[in-house]
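For reference, Swiss-Prot has these:
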- Cys47, Cys50, Cys55, Cys72: [4Fe-4S] cluster 1 binding site (BINDING)
- Cys118, Cys121, Cys124, Cys158: [4Fe-4S] cluster 2 binding site (BINDING)
- Cys128, Cys148, Cys151, Cys154: [4Fe-4S] cluster 3 binding site (BINDING)
- 30-89: domain '4Fe-4S' (DOMAIN)
- 109-138: domain '4Fe-4S ferredoxin-type 1' (DOMAIN)
- 139-168: domain '4Fe-4S ferredoxin-type 2' (DOMAIN)
- 1-24: region 'Hydrophobic' (REGION)
Amino acid sequence: MSITIILIFSILSFLLGIILSYVKYIFPIKKNSIIAEVDDLLPQSQCAQCGYSGCYPYAKAIVKNNENIDKCIPGGNNLKFKIAKVLNIKNIKYSLDNLNAKNEKNIHTTVLIDEKNCVGCSKCASFCPVDAIIGTPNFMHTVLQKFCTGCNICLLHCPTNCIKIIKE
């Protein structure tokens, strides 16, 4: 009795899977190619420094709501020019609040972990969206400055407040 029920549900699941995959090709979800192109340019760090929950919502806001293209701090000025090229924007205004436009450089951040207070819980490393924090549990962790975007997410999850961010 139980084998027949399992067999019936297995066959039913298989048939529904085939139907769903067939429906996917008949009614494809059409994505805006411009949004996808802008999203591909963004660094995908999901750091939320732009005020959006991730890179795709920010790309969607840029294309649909004419959001400023200079809010992505990890992307820097080069990203701003690439997005402007995709959107055919001719006059780009520099935003000195978010980017260091005069030197064509990103605002650099240095993240320091205090060795005395770090307990090696690895919470900062597990929440880092760009994997810039390395270390093993119960030992001191370190930050790879080259990859750190300064998003402050590690600060929120550190139980001992041993992480300091210095913006230069």
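Any Cβ shown, glycine's included, is placed from N, Cα and C.
Here the features listed in Swiss-Prot are painted onto the structure.
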residue: Cys47; record: [4Fe-4S] cluster 1 binding site; contacts (Cβ under 8 Å, 6+ apart): Ile73, Pro74, Pro129, Val130, Thr149, Cys151, Ile153
residue: Cys50; record: [4Fe-4S] cluster 1 binding site; contacts (Cβ under 8 Å, 6+ apart): Tyr58, Lys71, Cys72, Ile73
residue: Cys55; record: [4Fe-4S] cluster 1 binding site; contacts (Cβ under 8 Å, 6+ apart): Asp39, Leu42, Pro43, Gln44, Ser45, Gln46, Cys72
residue: Cys121; record: [4Fe-4S] cluster 2 binding site; contacts (Cβ under 8 Å, 6+ apart): Pro137, Pro159
residue: Cys124; record: [4Fe-4S] cluster 2 binding site; contacts (Cβ under 8 Å, 6+ apart): Ile113, Ile133, His141, Cys154, His157, Cys158, Ile163
residue: Cys148; record: [4Fe-4S] cluster 3 binding site; contacts (Cβ under 8 Å, 6+ apart): Thr109, Val111, Val130, Ala132, Ile133
Distance [Cα-Cα, Å, rounded] between Cys118 ([4Fe-4S] cluster 2 binding site) and Cys128 ([4Fe-4S] cluster 3 binding site): 16
For Cys128 ([4Fe-4S] cluster 3 binding site): intrachain residues, at least 6 apart, with Cβ closer than 8 Å: Ile153, Cys154
Mean of pLDDT values spanning the domain '4Fe-4S' (30-89): 86
Count of other CB atoms lying within 10 Å of the CB belonging to Cys154 ([4Fe-4S] cluster 3 binding site): 24
Remaining residues near the recorded [4Fe-4S] cluster 2 site, that is with C-beta within 8 Å of the centroid of the site residues Cys118, Cys121, Cys124, Cys158: Ile113, Val119, Gly120, Ser122, Lys123, Ala125, His141, Cys154, His157, Pro159, Thr160, Cys162, Ile163
Binding-site residues: Cys72, Cys118, Cys151 - member with fewest neighbouring CB atoms within 10 Å: Cys118
Cβ-based neighbourhood (8 Å from the centroid) of the [4Fe-4S] cluster 3 site, residues Cys128, Cys148, Cys151, Cys154 excluded: Cys47, Val111, Cys124, Phe127, Pro129, Val130, Ala132, Ile133, Val143, Thr149, Gly150, Asn152, Ile153
Residues of the region 'Hydrophobic' (1-24) by DSSP state, where helix covers H, G and I: 23 helix, 0 strand, 1 coil
CB-centroid shell, 8 A cutoff, [4Fe-4S] cluster 1 site Cys47, Cys50, Cys55, Cys72, site residues removed: Leu42, Pro43, Ser45, Gln46, Ala48, Gln49, Tyr52, Gly54, Tyr58, Lys71, Ile73, Pro74, Gly75
